[in-house]
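S.K.: Feature table excerpt (TrEMBL):
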type     : residues  : note
TRANSMEM : B:12-39   : transmembrane segment
TRANSMEM : B:88-109  : transmembrane segment
TRANSMEM : B:129-149 : transmembrane segment
TRANSMEM : B:170-190 : transmembrane segment
TRANSMEM : B:210-229 : transmembrane segment
TRANSMEM : B:258-282 : transmembrane segment
TRANSMEM : B:288-308 : transmembrane segment
TRANSMEM : B:328-346 : transmembrane segment
Amino acid sequence: MFKEFAKGLSITFKHLLPGHSTTVQYPHVKLTPSERYRGLHRLVPTQDREKCVACYLCPTVCPAKCITVESAENEKGEKYPRVYKIDMLRCIFCGYCVEACPVEALEMTGEYELANYRRSDFEFTKERLLR
Amino acid sequence: MTPEIVSLSNNWPLFVSTMLVKILVVFVVVILIVAYATWLERKVIGHMQTRLGPMETGWHGLLQPIADGLKLFFKEDIIPAKAAKFTFVLAPMMLLVPAFITFAVVPFGRDIEIGGYIVPLQITDLNVGVLYVLAMASLGAYGIVLAGWASNSKYSLLGGIRSTAQMISFELAAGLSIVAVFMLSETLSLREIVALQMEPLWGTITFLPNWYIFSQPLAFGLFILTSLIEINRTPFDLPEAESELVSGFCTEYSSMKYALFFMAEYANMVVIAAIAATLFLGGWSGPFFGPINLLLKIVAFMFFAIWLRATMPRVRYDQLMTMGWKVLIPLGLANLIVTGIVVLLVQ
């Protein structure tokens with residue numbers, strides 16, 4: 001009994017010695033998430049506008065029903081999303097919208113600091129998603 | 001010509017004022033140790049669990065206890081509607097006060113001489129000091145059982161009764177281990193017990209002090225174990241038992257009253273450390289200035305208690321009680337018999 005007792009104590013004591021702590025001092029030090037991390041969405045821009053052609057595949061596939069798209073046509077006759085917004089309070093970050101997109105206009109970034117004070121601040125409009 | 005040194009009690013105003021100063025100093029020092037015990041606990045356990053512990057408030061979180069205290073004062077204080085209000089407020093104090101008044105008899109240094117008067121570094125030297133310590137230690141149980149009863153909650157009541165049963169059971173074994181010490185010292189005065197421990201070991205071995213840990217290792221072990229159980233220190237913190245009893249006796253407490261229970265826990269730890277140091281480890285005697293020796297011994301003990309907390313899982317209540325009544329008390333009694341025989345033979 002005493003041997004096991006001493007062994008247990010020695011194990012915890014070894015961890016006490018410097019060099020064992022693995023804490024990241026979060027607000028001061030930030031880790032970069034892996035490539036596959038599904039954080040905040042991003043609408044990919046092309047030359048003068050977003051790549052999105054407002055095909056409605058992403059709101060259709062979205063299980064949380066958090067994407068709102070309203071399409072319109074510009075003067076060249078191309079379809080574009082007049083309204084594109086994602087309600088981040090409902091989003092479950094499943095990434096289906098990215099997979100469904102036929103023109104790769106939507107992707108997910110490593111951005112994970114999404115805390116806010118007002119509910120309205122969680123509504124990400126086209127302007128906020130185009131970065 | 002050395003000035004004549006007289007006892008302070010011949011000069012009443014000076015006696016009272018030095019007494020007040022001593023009480024104030026001891027009180028402040030104990031409060032500080034208690035506050036920083038929480039810091040030490042979080043730090044040591046943090047490192048043992050490979051994380052850092054408090055780091056943000058002050059250098060390595062050194063201002064954390066102060067920040068915690070401020071925060072606790074401003075938290076909402078809830079008293080349950082049908083609680084016994086007076087007792088509810090009284091209970092945490094009943095737990096905390098005995099811990100502090102125990103320090104009245106703990107000697108913390110050699111007598112010093114101020115202006116021709118002897119000032120003993122001890123608040124008062126009772127000739128029944130050890131009994132006083134035991135009596136004060138048992139008062140804490142009232143605080144817990146009253147907290148449990150006054151909360152008007154079944155969890156609290158059960159938790160309070162559980163804790164009281166535990167504390168009382170282990171007081172017996174703790175008492176037995178202390179009896180072994182004053183069978184050897186033949187005095188109950190803590191001051192004289194410390195003085196006796198400054199002599200060479202068993203009167204013959206000059207390089208070792210006559211600390212009672214050498215003559216009574218079993219009693220020392222028993223005392224440490226039983227007093228850790230008595231003060232509900234993890235891994236024996238069954239009274240709190242967050243997982244089974246949602247904090248037991250202090251379920252209904254909030255804000256500063258809740259914090260007082262935990263202050264009492266740490267204050268009790270300091271008391272136990274001071275008593276263990278005084279009875280078994282030579283008290284304030286040692287290479288440095290008296291109070292510093294005592295402080296080092298207290299910190300060493302507290303480190304051990306924290307270390308134990310980080311290592312051991314919580315025991316089960318029935319196992320604990322079985323150990324107390326069927327192992328520790330018989331061991332303590334056997335130790336007393338052996339000690340008695342040896343003392344008789346030596347004489």
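Cβ atoms here come from the backbone N, Cα and C positions, even for glycine.
Looking at the shown structure, what environment does each listed feature sit in?
M.R.: Long-range contacts of the transmembrane segment (B:12-39) within its own chain (CB-CB distance under 8 A, at least 6 residues past either end) are made by residues 54, 61-62, 64-66, 68-69, 100, 103, 108, 114, 117, 119, 121, 123, 262-263, 266-267, 269-270, 295, 298, 302.
Among residues of the same chain six or more beyond the transmembrane segment (B:129-149), those with a C-beta under 8 A of the stretch's C-beta atoms are 84, 87-88, 90-99, 101-102, 104-105, 156-161, 163-164, 167-168, 171, 174-175, 178, 181-182, 188-191, 193, 227, 230-231, 239, 248-250, 253, 261, 264, 268, 271, 275, 279.
Tertiary neighbourhood of the transmembrane segment (B:170-190): same-chain residues 105-107, 122, 125-131, 133-134, 137-138, 141, 196, 212, 215-216, 218-220, 222-223, 226-227, 229-230, 278-280, 283, 324, 328-329, 331-333, 335-336, 339-340, 343, selected by CB-CB distance under 8 Å and a gap of 6+ residues from either end.
Distant neighbours of the transmembrane segment (B:210-229): 137, 166, 170-171, 173-174, 176-178, 180-181, 184-185, 193, 196-203, 236, 272, 275-276, 279-282, 301, 304-305, 308, 320, 324, 328, 331-332, 335, 339; these residues of the same chain sit at least 6 beyond its ends, with a Cβ under 8 Å from one of its Cβ atoms.
For the transmembrane segment (B:258-282), same-chain residues at least 6 beyond its ends with a Cβ under 8 Å from one of its own Cβ atoms are 30, 33-34, 37-38, 41, 68-69, 72, 92-93, 95-96, 99-100, 102-103, 106-107, 130, 133, 137, 140, 143, 147, 178, 181, 190, 193-194, 197-198, 209, 211-213, 216, 219-220, 223-224, 227-228, 230-233, 250, 293-294, 297-299, 301-302, 305.
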